[in-house]
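> Sharing the feature lines straight out of TrEMBL:
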TRANSMEM  20-47  transmembrane segment
DOMAIN    39-289  domain 'G-protein coupled receptors family 1 profile'
TRANSMEM  59-80  transmembrane segment
TRANSMEM  100-119  transmembrane segment
TRANSMEM  139-157  transmembrane segment
TRANSMEM  196-225  transmembrane segment
TRANSMEM  237-258  transmembrane segment
Amino acid sequence: MENQTSGTEFVLLGLTRDPFLQSLLFTVVLIIYLIILLGNMLIMMVIRIDCHLHSPMYFFLFHLALVDICYATTVVPKMLVNFLVKGSITIAVNACMTQMFFIFLSAGCEVFMLSVMAYDRYVAICNPLKYQEAMSKHFCYQLVGSSWAMGLLYSALNTIPVLNIQFCGHAEIKHFSCELPPLLSAACSGAYLSKLILLCSAVIFGSSSFLLTLISYIYIITTVLKIQSAEGRHKAFSTCSSHFIVVGLLYITALFQYTKPKSVSSIILDQVLSTQYSILTPMLNPIIYSLKNKDVKAALGRILKKLQFV
């Protein structure tokens, strides 16, 4: 406790210190990061260029792709640099707090953006005649702004209390990034309030977002099952199948992360789960939406045809 400090830097233990595994992981993570950037930027470009995709559904998808880029960029570049370091991996306290802030911001915004997209599909399927009126351009901007605002609030609530925590000098973070739970494990004192706020905010924000998404899908499924023709049911389900897969991937991972018993908790398992929702999900989102969405594939085809004639 004598070496207690608000500190100048932390030591990140990372994924591995084996030189061969570091080189291998550097290559793999770099490829994944390039897929994240190119895939999500392609989605954003296609939505922006093709007038057929200028609808609320793709407006929200545009912002989901933007959030995914922000989320991955907050975590991955530092990971790549760490893989190239031979000795101890350190990160300045200010840089660590900044990374943690943007992790919370991106994660909070993403879950509420998915709820907004679920509500959009609810209105489109359950009230199609009122869709244009209900999902006006102004209202869509409000929904996206609210998602970012909820992410900002979630981030501020969890970041500000950490600034008052005392950490031991050169405290070790048993993780590859400055996520709050492993960061709190490195605290010497004053971590109780942050742990309490993290638990309460995760329950309140997570459950509210999950309930909004769940209620929307209950109404969607109920409405679709009432459709007489099989073709009509398939068409209705196809408009939200991509979103349903993305939501499932995110919530299953997050649910397991926060509800798993301590007996199955480990540093490796926590890092695997963190990799899933901070790196793999942003990579899979554009792949899922491009492969499962006929409109996006058609728009991409139209753009490619135009480029051929230029």
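Note that the numbers count up from 1, one per residue, in the order the chain is shown.
Note: Cβ is positioned from N, Cα and C throughout, glycine not excepted.
Here the structure is a predicted model, which means the values were calculated and not measured.
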> Could you pull out which residues elsewhere in the chain have a CB under 8 Å from any CB of the transmembrane segment (20-47), counting only those six or more residues past its ends?
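That would be 53-54, 58-59, 61-62, 65-66, 68-69, 72, 76-77, 79-80, 83-84, 279-280, 282-283, 285-287, 289-290, 296, 299-300, 303.
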> Should anything in the same chain at least six residues away from the transmembrane segment (59-80) have a Cβ under 8 Å from its Cβ atoms, list it; otherwise answer none.
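Beyond its ends, the transmembrane segment (59-80) has Cβ neighbours at 14-15, 26, 29-30, 32-33, 36-37, 40-41, 43-44, 47-48, 91, 99, 102-103, 105-107, 109-110, 113-114, 116-117, 120, 140, 143-144, 147, 176-177, 278-279, 281-283, 285-286, 289.
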> I'd like to know the mean pLDDT over the domain 'G-protein coupled receptors family 1 profile' (39-289).
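Computed over the domain 'G-protein coupled receptors family 1 profile' (39-289), the mean pLDDT is 86 on the 0 to 100 scale.
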